[in-house]
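The structure appears below as structure tokens.
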Amino acid sequence: MELSLTTSIALATIVLILYKLATRPKSNKKRLPEASRLPIIGHMHHLIGTMPHRGVMELARKHGSLMHLQLGEVSTIVVSSPKWAKEILTTYDITFANRPETLTGEIIAYHNTDIVLAPYGEYWRQLRKLCTLELLSVKKVKSFQSIREEECWNLVKEVKESGSGKPISLSESIFKMIATILSRAAFGKGIKDQREFTEIVKEILRQTGGFDVADIFPSKKFLHHLSGKRARLTSIHKKLDTLINNIVAEHHVSTSSKANETLLDVLLRLKDSAEFPLTADNVKAIILDMFGAGTDTSSATVEWAISELIRCPRAMEKVQAELRQALNGKEQIHEEDIQDLPYLNLVIRETLRLHPPLPLVMPRECREPVNLAGYEIANKTKLIVNVFAINRDPEYWKDAEAFIPERFENNPNNIMGADYEYLPFGAGRRMCPGAALGLANVQLPLANILYHFNWKLPNGASHDQLDMTESFGATVQRKTELILVPSF
């Protein structure tokens, strides 16, 4: 009797599993705690059907805040507590300073030459210096203040023009506003193909979330083609590259004084002067970082802040009262007006605790074998720091799942990675270099949305009916659009 193809594959898989079990070498080495695993896929079956950050958090609560995950071929250690985060990101920071290679980084990020994915070494150190001194300095972030103020005011006018009492998609409005702010900061103006550019960036962000088969089986190159991932990424990259080339070509025609340089001006100046070893592809990779990562993280944070406030009317009333008392009927908000509003800042800090932009941070990779608390960690082992779990650790946070901005009153926790129980932007050498720009793109938009309008759910729904389901991508977004009704 002939066997069907499905039956043949199933039998072959069973034989392979039994062979792997029988021939697996024994080891006397101290092993990190881990869940039960299967041959070939390792621990992936524990994460099926879950948000990765939540699934990993639940495994850590069962097996320990320093545990091992086998993700296909990739050996991974997961850190889920402030204690271990501090140990690894201080004592072993340089050991785990590399980034694992990914198919997305290879194709989309111009062979991993952007700031986020570049391997640790001289090129990355120069990029980091470039960010600190030029691209993302306090002075440079401040120079974009007028852009933020203009685009926030444009959003206010658009909402008012739509009419009081009519539902609008705040998700769409916020994303568009942040994208325009960053587009103007990067290129000096809203680009003519901005809608297409934004859609391509959104697609890239969708492709970079979760655990991808191409990255968990890196040696199985046929899977890159079989899954269709390589073809999809290549197609996206071609469109993206054409658009950025057009932007750069148009930009060469214009001139800017150094005092008013856009991000692209800075990069092209450094490239042309040979001050810094930048190629045309390097410039494009860095610009993509600035626009892509910045748009997604800031817009998600503003959305989550408003979502949490809708579900917590007491906090909403308190933050709006603070804004309206301080601004006293002022029409257009300037950043100086909101620098000393404590409750607004508490709301932002609590939002970042519950909804860190990158809940699993960006994975790192071990550069050399290391002994970690008696455990032998092999070269190229992947490191995941679950900031989502750390920020909700009940040992450090009372009522950890609740939205309570007041918990940060008189709380010295540093938002920039100095306190390891609170790591919204990561910590150590590979901490997010754009934190200051990201915060600026959250604070003013949020203040405008809360100051100018009252908000409620459509169709008479009560505040506790707001769907807070997550959708995992490069960042954790709301699964459903935030549709609210403004009144003014």
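Just so it is clear, glycine is given a Cβ too, placed from its N, Cα and C backbone atoms.
Keep in mind it's a predicted model, so treat the numbers as computed, not measured.
As given in Swiss-Prot:
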- 1-6: topological domain 'Cytoplasmic' (TOPO_DOM)
- 7-23: transmembrane segment (TRANSMEM)
- 24-488: topological domain 'Lumenal' (TOPO_DOM)
- N260: N-linked glycosylation site (CARBOHYD)
- N379: N-linked glycosylation site (CARBOHYD)
- C432: heme binding site (BINDING)
- Message: Cβ neighbours within 10 Å, counted over all protein chains: which one of the glycosylation sites N260, N379 has the most?
- Response: N379
- Task: Tell me the Cβ neighbour count for C432 (heme binding site), meaning other Cβ atoms within 10 Å of its Cβ, over all protein chains shown.
- Result: 23
- Query: Is N260 (N-linked glycosylation site) helix, strand or coil when read with DSSP?
  - Reply: helix
- Item | Model confidence over the topological domain 'Cytoplasmic' (1-6), averaged pLDDT | 42
- Item | Residue pair N379 (N-linked glycosylation site), C432 (heme binding site) - Cα distance, angstrom, rounded | 24
